[in-house]
């Protein structure tokens, strides 16, 4: 052994006299050429390695006296070229390793290696494998030449290699046709990946009757022939292709087939009898396709099934369909409910695993008392033989690992898993619908003057009513799917109903916040305008600003429809962070929350400035204090209730705190829509304008058609005077400023 000695030159007579030397290790040195003269003195040499050197060329007749050499390793050098007769004289060579070099052309010198059985020249720069490339190597059993920039492979390159059992060709991106393998009848493992193959020949299996493993991933195959003549096929890899359908005869009579990988294709249809004859099939991967339904006939023996990435495949599966299943990956967590994969089940399972011990480690009677503590209190001894039978039966039916697992955001039985939340949602629905309806009626149907801030309050009530409609839709879904939500959860999430529900929620919540911001800004601007110009902004301008707020809310609500955020991430149809949520959803939520926080900061700063101006007392005679206080209450309430949502979002983003899914769901269901019922209650209970408007509406209903319009005007003026007492409402602002003397303002 002369390896790792930094040898750069081997003198001619270095091995003179070593006529019986059989093994020579010269790897990991600094050789730049083959020591031809020195090797001529080793006629009995059987194994030699010159790997990990800096050899760049193999000259003609470099090994001509090594007729006994069986193994030759030349990998990890810098070999760029070979002499046409470089391997002449190697009559006994069986293994040749040229991997990890810089070969630019196929090593045609191997044609003289009649006994060669294993050849490797992967990770080189070879661009073509010529016709009849291995015609002089009929005993070849294994060829590795992947990771070469191969652009051309002769159709006859691999013909008539009856001993070849492994062929690996990976990364030949420019190969367009499947090679002709006539006469290569012993091939058992064929790997042709990351190429450009579009079509498989119909007679492929006739040429390869011994094929056991066929790996054709990362190609461009669109149509599959019938593999029924590949009777020994055990493993088939067709992932990352362009396959659209599986016909009835594609896998027919493949009795030995155990594993099929069809992931990352475009499969839309699988014939109902495609898997019927696959009695040995245990693993099937259909990840990321376009399946709508999966035929179950013939899949009873599966132990591993992967179906994730098929959003249209929402049908539920039963345990009877897959009695031997161990690992199941489905598109929706609801499909795992049939296998006991719910939160309580996992908790019990974990507890069992923590307490479970083998019979040799624990006494059966003691184990019985731990598993059945109630029996210990009653001094009831469970028969040890019966317990042993139960344990053996449990081993025969192990737990199925099903993902994604259900949880609070993917419930099996009820959308609202708590009666407290269920009743709370119904209260929010009833209060928000009734109270906001009253506010809208009082604001827009009252004959009293519609001031700009009053118009905004009515608009906020409209947005809050939409939030109530959102909650009512969730409550209706919960009621209709009570006890069996798993059957409908996937269809609900992916359906138009969830999209509309989520759109309403985002539009309503954003509109309410934007309009509240407008109310605060309008109040502040009115003060400034009255002080500077003697009049406040007109109602028309406020309506235009409100329309802009609604337009911005619509934009925010539309974004998830264009994959910026997602409404169908959970059955709540909200683009807010949930456990294991998508990054796109989280980024959209963060942007939304940041925008809302900016609005609340603007509101707070604006109102602080407003109150500072009001404390001067300059406008106490012309300002509607009831509306100012009402907007202040709205700001305080909405800011307070939005804090948990903002905290939840940033905690999820920065992983600051561990928040349980149950808490997250409660906040999104109860706290988020709570302003929709508190906002109108504040107006109904504490704002005198509501009582005035209600009285006017009642009088209008009683006096409709009985009194002239002037009478109604007198009532309005009287009501306004009574409600504000010393304060003057917005209806009198213009009149007051028409008479400057009334304010003590002199020209």
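Each Cβ is built from the backbone N, Cα and C atoms, and glycine gets one as well.
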Task: 484-504, 631-651, 694-714 - the range that TrEMBL marks as transmembrane segment - done: 631-651
TODO: Would you mind telling me which of 545-564, 725-744 TrEMBL tags as transmembrane segment?
DONE: 545-564
Open item on the list: Ranking 419-443, 455-477, 584-610, 631-651, 663-686 by the number of C-beta pairs under 8 Å to the transmembrane segment (511-533), which range is first?
Closed with: 584-610
Open item on the list: Quick test of the contact rule: Cβ under 8 Å, at least six residues beyond the ends. What residues does that give for the transmembrane segment (631-651)?
Closed with: 453, 457, 460, 512-513, 516, 519-520, 523, 576-577, 589-590, 593, 596-597, 600, 603-604, 607, 657, 659, 664, 667-668, 671-672, 674-675, 678-679, 682, 686
Open item on the list: So if I exclude everything within five residues of the ends of the transmembrane segment (455-477), which remaining residues of that chain have a CB under 8 angstroms from its CBs? That is, six or more out.
Closed with: 415-416, 422, 425-426, 428-429, 431-433, 436-437, 439-440, 443-444, 492, 497, 500-501, 504-505, 507-509, 511-512, 515-516, 518-519, 522, 539, 542-543, 546, 553, 571-573, 627, 630-631, 634, 669, 673, 675-677, 679-680, 683
TODO: For the domain 'G-protein coupled receptors family 1 profile' (435-683), provide the mean pLDDT of the predicted model.
DONE: 86
TODO: State the non-local partners of the transmembrane segment (663-686) in its own chain: residues 6+ outside its ends, Cβ under 8 Å from one of its Cβ atoms.
DONE: 408-409, 416, 418, 421, 424-425, 427-428, 431-432, 435-436, 438-439, 457, 460-461, 464-465, 467-468, 470-471, 474, 505, 508-509, 512, 572, 574, 576-579, 629-630, 633-634, 637-638, 641-642, 644-645, 648
